[in-house]
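K.L.:
Before I ask anything, let me first share the structure, which is written out below as structure tokens.
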Amino acid sequence: MQAPLPTSARPRLTPRARWDNFQRRYAPYIFISPFFILFAIFGLFPIVFSLYLAFHSWQPAAGLGDMKLVGWRNFTDNLTDPTFWQSLRNTIVIGLESGIPQHLIAIPLAFAIHMGLRRMQGILTALYFAPYITSVVAITVIFFTLFSWQYGVVNAVLTSLHNLPVIGGLFPEEKINWLGNRNFVQPAVATVVVWRYVGWNVVLYLSGLQSIPKDLYEAASVDGATTWQQFRFITLPLLRPIMFVAVTLTLIGNLQLFEEPYILTGDSGGIGNMGLTTVMYMYRTYNFYGDAGLAAAMSWLLFIVIGVLTLVNNRIFGRSGLARAD
């Protein structure tokens, strides 16, 4: 066996060869490092710090030196706070009132666009998607005007419909104080959320519909299946994986509602705190009460709720949906 060459006898790499070797080894890591650096600063650090902060009492105005370890007290204070439970209940109710209609509207709408309006699919998709990319502040301010008690368009239309024969009794005779009546605050907020996110779900369901083989619809048509039967027995079962994704995104988004209820009801949450969501209460706890630790603990409690509901959604749509789709 030939002995290895001594170090002095090995060929020396040229600067060009050393540079090429460096590029092969380290260039990919250098190019991807900005993402990880930014993620560590703006993503990972806030998560870790908020968890650390949840076990401390701290008022930011007093500086880091004022931070005191309190253990689980912030969590127990939140769990024994009636306003926290009301905000969580409001969040879930508004989430259901806005989440369910989103999908009940988006699925048939996407099916109609996919099956009967293919030539206009691009234009219609852009129109329905426009509210999602429009400023949420602008949208909510417009709806705030529409829901105005005295001069709002919604009340003007409803009271005028009351004068119609036969069906007039279905509509109110008096103007409704949408944002000043505890029975209508949550439906008003949910209406804004539905209008904004229906287009987003339409796009998701259209992407799922385009992945369904056309042969299935053609075979069903040959067998005499109606449009409703095709929708029920072909479209819905094969859309279950996309439904799982769409419902999960809706669930996560609706449990973090802030802008719409905040603009419509103010930082007070409206009459009787009926528009106060958990994120709004978290914001109030931090900005008005100055208790960053209590707000951080509240955020982790909300995270647990979102995680549990996401797991439930996974049990309903995830595995069964993928199995049925296969």
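Residue 1 is the first one shown; counting continues down the chain.
Each Cβ is built from the backbone N, Cα and C atoms, and glycine gets one as well.
Below, the features straight out of TrEMBL:
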type	residues	note
DOMAIN	88-313	domain 'ABC transmembrane type-1'
TRANSMEM	26-55	transmembrane segment
TRANSMEM	100-117	transmembrane segment
TRANSMEM	129-151	transmembrane segment
TRANSMEM	184-206	transmembrane segment
TRANSMEM	238-258	transmembrane segment
TRANSMEM	292-312	transmembrane segment
K.L.:
Going along the chain, which residues at least six beyond the ends of the transmembrane segment (292-312) come within the CB cut-off of under 8 Å?
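P.N.:
Contacts of the transmembrane segment (292-312) (Cβ under 8 Å, skipping residues fewer than 6 from its ends): 50-51, 53-60, 70, 74-75, 77-79, 84, 88, 248, 251-252, 255-256, 278-279, 281-283, 285-286.
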K.L.:
Quick test of the contact rule: Cβ under 8 Å, at least six residues beyond the ends. What residues does that give for the transmembrane segment (26-55)?
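P.N.:
Residues packing against the transmembrane segment (26-55) from afar: 67, 69-72, 74-75, 292-293, 296-297, 299-300.
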